[in-house]
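As recorded in Swiss-Prot, the features of this protein are as follows:
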type	residues	note
BINDING	C20, C23, C35, C38	Zn(2+) binding site
COMPBIAS	1-17	compositional bias 'Polar residues'
REGION	1-26	region 'Disordered'
ZN_FING	20-38	zinc finger
Amino acid sequence: MTGAGTPSQGKKNTTTHTKCRRCGEKSYHTKKKVCSSCGFGKSAKRRDYEWQSKAGE
């Protein structure tokens, strides 16, 4: 039976996110080839949502 305890944490040594070419954030997923911050690799438009800012401001 495999658990998610201390021995399993030693397997987590691969780099998932690297620096994005467009926004510069460390959010570019190297396997998915998509930036989770700006949406680079998914869309030509910047990733932006209404819920990211306070409502009415």
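A Cβ is built for glycine as well, from the same backbone N, Cα and C atoms used for every other residue.
In the compositional bias 'Polar residues' (1-17), the DSSP tally of helix, strand and coil residues is 4 helix, 1 strand, 12 coil. Averaged across the zinc finger (20-38), pLDDT in this predicted model comes to 98. In sequence order, C20, R22, C23, E25, S27, Y28, H29, G41, K42, R47 make up the list of same-chain residues 6 or more apart from C35 (Zn(2+) binding site) whose Cβ falls under 8 Å from its Cβ. Across the range of the zinc finger (20-38), the DSSP-based residue counts are 0 helix, 4 strand, 15 coil. Within 8 A of the CB centroid of the Zn(2+) site residues C20, C23, C35, C38, the other residues of that chain are R21, R22, G24, E25, S27, Y28, S36, S37, G39, F40, R47. Each of the binding-site residues C20, C23, C38 was scored by the number of other CB atoms within 10 A of its CB, and the lowest score belongs to C23.
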